[in-house]
Structure formats: C-alpha cells, structure tokens
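Here is what TrEMBL says about this protein:
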type	residues	note
DOMAIN	392-502	domain 'TMC'
TRANSMEM	80-102	transmembrane segment
TRANSMEM	178-197	transmembrane segment
TRANSMEM	271-293	transmembrane segment
TRANSMEM	313-337	transmembrane segment
TRANSMEM	349-369	transmembrane segment
TRANSMEM	506-530	transmembrane segment
TRANSMEM	572-591	transmembrane segment
Amino acid sequence: PTVSSIALGPVTCSEKVFLADIKHLSGWKQWKIASSKSLKKVLNDIKELSSYLELWQHDIHSIEGKFGTGIQSYFLFLRFLVRLNFIIFILMFGFVTLPSILSKYGILNNSFAKIPLKNIEPHCTVYIPSDNKGLVYFYTYLKDLLSGTGFLEVTSLFYGYYTVDTEWLSVLRYNLPLAYLLATFGYLALSLLWIIIGSVEGFKQNLVHGEDQFQSYCNKVFAGWDFCITDLNAARLKHRSLQYELQTDLEEERLKRKIADRTMKEKLRIYSWRILINIIVIAVLSGCFYSIYRATVFSQESSNDFQPNLIVQYLPSIVITLVNFIAPQIFSFLVRLEDYSPAFEIRLKLIRCVFMRLAGIGVLLFSLWSQISYCATDKCKACGYNYELYPCWESEVGQEMYKLMIFDFITILAMTLFVDFPRKLLVTHWSCKPVQWCGLQEFGISDNVLDIIYGQTICWIGTFFSPLLPAIATIKYFIIFYIKKISLIHTCKPAARPVRASSSNFFFLLVLLIGLVFAFIPLGISIAHIPSSKACGPFRNFNTSWAVVPETVLGLPTGLQQVLHGIASEAFAVPFFVVVCLLMFYFIALARAHKRVVEQLREQLVMVRFDPLFCTPEVFFVVSVIRHAEE
C-alpha cells in the first residue's frame, strides 16, 4: 500500500512517532505547527472556493465522469488556450490598439509617421485600401467579413490601421513602433513560459503514472475514492472516472502482454507493414504540399492577370482546409493498422498531422513572400518590395491568416452540423446494415487537438499582422467548447480503447510547443528580413520592423548603450551559454540522484509493511519525505 492508503486506515507507526515527537516540542514550536496547519487549511478552503469560479469546472468534471480522463484532457487543453488567447488579447489591446484608438479620436496628442521624401520614392507611399464606396450589397459585406477586405481592412483589426508614430501624454512620450514590437515579443515569451509551466506539471503526472503499474492500481483501488463526496451525482461521476482509469490500466497491460507474446514471424510482419504504411504517409504528405503550392501559385498568377472571382481569391485557404480535413482521415485509418497502443497512436497521428498542417502554412507564407519580394523594375527595387501588388503587404498577410482562422472555424462547425448529427440520426433511426456497421462517430482526441493546435499556430503568426486576432481566437475556442461538448454528448460514443490523460496532457503541450517554435520562423523573417511597408503601419520610417530597436538604443544614455551592446556581444553570449549548459547538466544529475533516493525510500516502505518492528524515527522520516514528494 502507498502512503496515501496508509493515511486512510488506523494510526500507523510513523504517525505514532510523529505524535510522540510533538509532545516533546516547546510551546513556540507547537504554536508554529498549529499556525502552519491552520494557514494551510485556509488556503485549501480558498482554493476549493476558487475552483467553483473556474471556467467550465462543472462541465469538465461531468465530461470526466461520463467519458473518462482522456477526453477530459482535450477540454482542459481547450480551456488552457482560451485563457492564453485572452491574455494575449489584453496585452496587444492595452499596448497597441488602445493608444492608437485614443490618438485617432484626439484624446492624446500624437504625431503621425512621416516618410522623408529624400529617403524613399513617393510612389512607395501610396496606399488606397479596398474600402467599398456608395451602394454596397449584402453579399459584399458577407464577402468582406469572410476575407477581411473592404470595411474590415481599414479597421484596427489589421496592421495598416496603426499609423501613429509617437504619442505624448503631458511630458511622457509613448513610442508606438517600439511598443508594437515589444508586445509581439511579449506574447510569444508569455506563450512559451505558460506552455513550459504546464508541461512541467504534466511531466510530473506522467512520471507518477509511469513508476509502477501495481502501485498505480493500488492507489486507485484503496486510496482513489474521495470520502468527502456527499452528493449522489458527484459520487457517480467519481465512480465512472475511476472505472475508466482502471479500464485504461487493464488495456495497457493487455497490450504489453500481447507485445511480449509476439513471435519473430509476427514481429517481421508488423515491422514490414509499418514500413509500407510510412511510405504511403510520405506520399500523402508530398501530395498535400504540392497541392497547396500549386493552388497558391495559381491564385497569385490569376491575381496578377485579371480580377479574380471569389473561388480563385480563396483557393489557397480552400485547398488547405480540404487537405486538413482529408489527410487526418487517411492517417487515422493507417495508424490503426500499425498495431500501436492507444496513447502512442494519438502521438504518432498528431506528429504526422501537425507536420502536414504546419508545413502547409509554411508553403502558403513562402509563396506570399516570393510574390512580395519579387521586383522586376527599378521603381519596385527602390521600395524594396512589390509595392504594386502589395502596397501594405503586412495587412495582406494578416488577411490570409484571418481567412485561415475563419475557414477553420467554419469547417469545425460544418462537420458537426452536417456530418456528425446526420450520422447520429441515420444510426438511430435506420436499421440498414452498412449504416449500423459504420456506427456512431468516436470522439477522436487527436483530430480535435490537432484542430486547435493548428488554429493557435495561425493566431501566433497572425497577431503581428492582425493585433486583434487573439480576440477572435478566444471567441472561436469559447464557441468550439460548447460545440464539441454537445457533439460529444449527443452524437459521439466513447473511444473503444481508453486513453490515459496524464501522458496526453503533457504530449498536447509538447506539440503546442512545436507550433509555437514554428511560429517564430515566419515572424522572425517578417520582422528582421523583409522590408516594412512604406505606405502603412507604424514602421514606415524604418527599413525593417527590427530597425526600431537599434534606433531606440541610440537614444539611450551612453553608459546604458555600452551595457546593452556588451550583452548582445559574443563576449557575453558564449560564457552565458556555457553557464546555462552547466546548470542544465547539474539539474539533470540532481534529478537522477533524487530518483534513486525515492526508489530506495520506496523499498524501505515495503520493509515496513512486512516487518512492523522496522518502525523507527528514521522510517518516519522516510514516510514524511515520500508524502511530501507525492503532494
């Protein structure tokens, strides 16, 4: 039995030692221990009260009881992204959008960015947004709403709206270009920090569940029940949650035994089959990339030759959406033939689909940058980018990211309304054998997680070009929560092979971290390499967006400039990197030593179980250490 299960029974030898030690303490130490316990109780009560105010707490607990912790992990992940996007929106709105709006309405004294004509050709500064004039049909408004053009192009949603250079509030100077760039770095750093913190918690849970299956089983059977539960519905939910956890343990043990009993002939057959399937996967990925590339090139060429219709204009987004819908279905079918465990199936499918989706975004952005950077005339080379097709290329990229996010939401909504619900009706009211063979739709954890990771990567990339995109992402994920909840309860069935939540949570955040690292690449190229638009945006005075940083540093005192230059030099970077590596190796060695100590302590606990005479103050110390580690 574990420490938790020992605590539920009668007074153990360790507790006897603890009570005996308390009697010999001084009055001050006894008061200190009592105060510490009271404070801990108050903090636990506050934490319990705050849990009632937490977003979707009741809904997520209900989903856990009815469908298990594996599906619950998806909704927890969705709540995590809602919080993250809301914080990013507050950051961008507070430091970028709000100052610009206040300046537009004359609340703050401000100066607009003026381009010196001696440094740039006048034709580079011409930008006429595609705002609709005169009588406008409802279809035009709907098209603008879906594509981000027309009336939306001149709003604070896109980069071109932010033309303020400097704002003054009394004697305080607010540098909007610098604030815009720092806010971008800020939301990326915040996302990275938040993901790392969540990954550490998930990694701890993963280690606990991966220590010993027998110990995990004992924890669930003897110490898994919460005796503070008094509500009947809460008791049913807890009972179902433990049932799903035990089913997951049994399924994992069955698969381990099946793998151990394989003959050499079966292993060769499975490995050969997996090699063939991976070749098919590579072929599918190649076809997806080529389709996206051809669609993007055709759309760009058509835009150069004539005024494209709606289908041609949105062709890249349509092709990417179709690829994102079809390819995961193929991967889902193929991964079942490879005979992996449920948890590994989700991971493998996620890796394949994430690579496909992120590479699709990369192909789209590469095609756009090729068109933006292409200059065939001297007038174009004077601007540094294709000013004729893209006078405000940042807004154009923002519109593409906006369209991808809107199309992604429409796809999720359409799949629920026009696929899942009709399938439910057919299976329920039609006894045809093919329909009954298809059965109800299983709630695919990997597919749904992939959708929101893909959308979040778009949000990270597009926030620089569309500062209010995190607000749209927050609303989108908020609505998706209820769409998926209704679909799960009314149209889906639980997965035939249960999945453990502890490993899923950690892996979801790891894949999300891959999406964030991928977002660094296009943002870095756009900020540091591609010339900024000279006709719109806060960086019109600079060759690139990054150029605002050196100019700001030059305006600082000489001593501070030398400090910053020293930090950015190789003389500081190399020793800093060496120190970081040494610290990393030290903590890795420390973690391994702690792991060995914990294993020794567990062995001593086993001795306590079989030999009551082993009860000594040292054993009490062992119990206390392990109890602290489990907490």
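Along the chain as shown, residues are numbered 1 onward.
Every residue, even glycine, has its Cβ placed from backbone N, Cα and C.
TrEMBL labels come from automatic prediction, so no person has curated them.
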Mean of pLDDT values spanning the domain 'TMC' (392-502): 83
Stretch contact, the transmembrane segment (178-197) with the transmembrane segment (572-591), Cβ-Cβ under 8 Å, 3+ pairs: no
DSSP-derived helix, strand and coil totals, residue by residue, for the domain 'TMC' (392-502): 85 helix, 4 strand, 22 coil
